[in-house]
Amino acid sequence: MARILLVEDELIARELIKATLKADSTIDLDTCDTVKKAQALLSNNQYDLVILDISLPDGSGVTILELIRSTESAISLPVVMVSAHRNNRRIVSCLRLGANDYITKPIDVQILLARIQNLLLIKRLDSDRRQANERFSLAAMGANDGLWDWLISSDEAFFSSRWKKMLGYDEQDFPNQFNAFVERIHPNDTFEFNRSLRHHLEGISEHFCQECRIQHADGTYRWMMVRGAAIRHKNGKAYRMAGSMTDFTNRKIIDPIADVLNRSAFIDRMELLLQAVQAQQITNFTVILISLNRYKLIRDSYGHHFCDRLIFEVASTLSAIVPPQESLARVDDEKFALTVQNASSVESCVDIIEQKIIPALKTPLMIEHKEIHLTFSTAIVAQTASYINAADILRDADIALNDAWLLRNQQIAIFQPKLQTSLKDKAQLEEDLHKALESNSFDVFYQAKVDSKGQIVGAEALARWFHPTRGLISPADFIPIAEETGLIIELGKIVLTKVCKQLQLWFEKGIKIPVAVNLSARQLINQNLQDDILNLLHQHRLPNELLELEVTETLLLENLDAALPILNAFHRNGIKVSIDDFGTGYSSLAYLKSLPLNTLKIDKSFIKELPNNENDKAIVEAIAYIAKALGLSTIAEGVETKAQLNFLQSLNVCCFQGFYFYKPLPVEAFEDVMNQQITHEYID
C-alpha cells in the first residue's frame with residue numbers, strides 16, 4: 001500500500017485527483033489545502049509520495065518542497081509539483097530544488113497517474129536494492145568476511161573496511177587497485193590464483209573460489225578463501241567482478257585437538273626462520289622434537305577420546321614453558337616440535353630439555369580420573385642454516401628419534417649431518433635389493449578393476465617387497481633404485497613371470513581375467529622385452545589378450561622413438577597397451593592417434609577432488625571425450641568415493657579402480673573376491 005499526500009487548494013482539481021487515486025486500491029490518500037496543514041501531516045506521518053500545488057492560500061508549495069528536501073531525498077520521498085501556470089522558469093526552479101516531476105493544469109489525470117506509478121516503482125526498486133544491500137552487508141558482517149569490487153578495465157577496486165582490517169590496514173592505507181591485492185599473494189600461490197581467476201573471467205568456470213596466502217601488513221601471511229563472480233556484457237565478456245574474502249588461517253594452521261600449530265604451519269614457520277638466518281636477522285635456530293612413548297598403547301587401552309584429552313593437556317603444558325617468540329606444533333599423532341632461536345650451543349638446548357621440558361612433562365596428568373605418567377623421547381636438530389627445505393629438518397629429527405629408540409636411549413638424541421649415513425642407507429637398500437631378487441623375495445598383489453555393474457573385469461599387478469628386518473618397503477623407495485641400477489629389468493621379469501604363472505592357474509580353473517603389468521623406462525626400451533613376454537605367454541599356454549601392459553604417459557613420450565616399434569609388435573600379437581597416469585605428462589594429442597593403444601587410464605590426481613574441483617571435472621570430461629572419439633576405453637584410477645563414481649559414470653567411463661572398490665590384495669584374498677563376484681551396493 002502506497003501512502004500519498006495531496007496538497008491542493010482548488011476544489012475541482014483536488015476532487016478530480018482524489019477520485020482518480022481512490023480508484024486504485026493500492027493507494028492510501030490524505031488531502032489538505034494549506035501549507036500549515038501540510039506541515040502538520042508531514043511531521044506526523046510517513047508518506048511514499050507528495051502531490052504539491054505551488055500556489056496555496058497561506059503560502060507557496062515551494063516552502064513545503066524545501067522542508068521535505070531538508071530531510072528526504074528525491075528517491076525516498078518523490079514530489080510532483082502542480083501549477084496552473086506554464087512558467088518554464090518556475091518549473092526549472094522547482095526541479096532544481098528537488099521536485100521529481102511537474103504537472104500543469106488543467107490536469108490530465110491519466111498522465112498524472114502514470115507518473116505517480118513510475119515514481120513509486122523507482123522508489124520501490126530503490127528500497128528493494130537498499131534492503132538487499134543491507135541484508136548482504138549484515139550477512140557479511142555476521143560471517144566476518146571482507147568485501148571487494150573490481151572494475152576490470154581500469155583495475156580500480158573497492159575494498160571494504162573489514163577487508164582491509166583483515167590484512168592489518170587502515171581505511172586509507174591500501175591502494176584502490178586490484179593488482180595491489182594480487183601482488184600480496186604468496187609466490188607459491190600466485191600461479192593457481194591467477195589460473196583460477198582467468199578461467200572464471202573466460203567463462204570456463206562458473207564461480208571463482210580460491211584458497212591462498214596473502215601477506216598481512218606485519219609481513220606474515222594469512223590463509224584466505226577468496227570468492228567472487230563476474231558481471232558480463234551480452235557478449236559474455238566480463239567487465240566487473242565482486243566477491244568476498246574469508247580468513248581461515250586458524251583452521252589451516254592450528255591442530256584442532258592440541259590447539260597449537262599443525263605440521264604444515266610449523267614447516268612454514270621454519271621456512272621463515274631459514275630466511276631470517278640468511279638475512280642475518282637471527283644467528284641460528286634449533287628444533288626440538290618430543291615424542292610421547294607408549295602413545296599407541298594408551299590409545300588402544302583408553303580410546304581416541306581419552307588420547308585427545310591427553311594430547312591437549314600435553315600441548316597446554318608445553319605452551320606454558322615455550323616463550324612467545326618461539327613456535328610450538330603438533331607434527332604427528334604423538335609428536336610435538338618447538339623452535340629455539342639464537343641458541344648459543346647444542347648444550348643450551350639440552351639444558352632446555354633437562355631443566356624445563358622434562359620436569360614439566362614428568363608431572364602426572366589427571367585425565368578422566370586416571371593418573372597418567374608420561375615417558376617421552378626427544379631429539380635435537382641444530383645447524384639448521386645448512387638446510388634448503390624446512391621439511392627436511394623434521395625428517396632428520398625423526399631419524400634421530402628412531403636412532404635413539406633403536407639404541408634404547410630414552411632421553412635425548414642429537415642429530416648429526418649425515419650425508420654419509422644417507423648414502424650408506426641407500427647402498428644398503430641396493431644390496432638388499434640384489435639379495436631379494438636372487439631369492440625371489442618379491443610378492444605380487446592384485447588390485448581389481450571393475451565395470452559399471454561392480455563386476456571384476458581385470459586387475460593390475462603391483463610388486464611388493466617384504467624386507468626381512470624393515471618390513472614392507474614402499475615401491476617409492478625401491479623402484480627408483482631399481483631403475484637407477486638397472487635391476488628393474490630383473491624385477492620386471494620376476495613380476496611378469498609370477499603374473500603369467502598366476503594367470504595360468506586361473507585360466508585352468510576357467511577364470512579368464514586380464515591382468516595389467518606396469519612397464520618401466522628401462523623395460524620399455526629393452527629390445528628383448530617383446531620376445532621375453534611372448535615366450536612367457538607361450539610357455540604358460542596363455543591367450544595373449546590376458547596380459548595387458550601399462551606405460552605412463554611421461555615415460556612413453558620420453559622414449560617414443562624406441563618404444564613405438566615394440567608397441568606395434570605387441571599390438572600385432574594381440575597384447576593390449578594402456579596409457580597410465582594420462583593427463584599428467586606434456587600431452588600431445590597427435591601421438592594418441594598414431595600409437596597402437598587400447599586404453600587411457602585417468603590419473604588419480606584428477607579424480608581426487610571430483611566432483612568439487614571444476615578444473616579436474618573439465619580435464620576428466622576432456623579425457624573421456626578424447627578416448628571415446630579415438631575408440632579407446634577408459635579406466636579411472638584412485639576412485640575412493642560414491643560421488644566420484646557417480647560423476648565418472650555420467651561420462652560413460654567404463655572401468656574403475658581404487659580403494660572404494662578394492663585395495664591391492666595378495667593373491668589368496670584376491671581369489672576370494674573373484675570367487676564371490678558380488679554386485680556391490682555402491683553401484684547404481
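Just so it is clear, glycine is given a Cβ too, placed from its N, Cα and C backbone atoms.
The domain 'Response regulatory' annotation in TrEMBL covers 3-120. Mapped onto DSSP helix, strand and coil, the domain 'Response regulatory' (3-120) counts 53 helix, 29 strand, 36 coil.
Among the features that TrEMBL reports, domain 'PAS' is placed at 158-204.
What TrEMBL lists as domain 'PAC' is 208-260.
Among the features that TrEMBL reports, domain 'GGDEF' is placed at 283-417.
Marked as domain 'EAL' by TrEMBL: 426-678.
According to TrEMBL, the 4-aspartylphosphate annotation covers ASP53. Residues near ASP53 (4-aspartylphosphate) in space but far in sequence (CB under 8 A, at least 6 apart, same chain), listed by position: VAL7, GLU8, ASP9, GLU10, ALA13, GLY61, MET81, VAL82, SER83.
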Would you list the DSSP helix, strand and coil counts for the residues of the domain 'PAC' (208-260)?
5 helix, 31 strand, 17 coil
Under DSSP, the domain 'PAS' (158-204) has how many residues in helix, strand and coil?
26 helix, 4 strand, 17 coil
Quick one: DSSP breakdown of the domain 'GGDEF' (283-417) into helix, strand and coil?
62 helix, 36 strand, 37 coil
Mean pLDDT, the domain 'PAC' (208-260)?
91
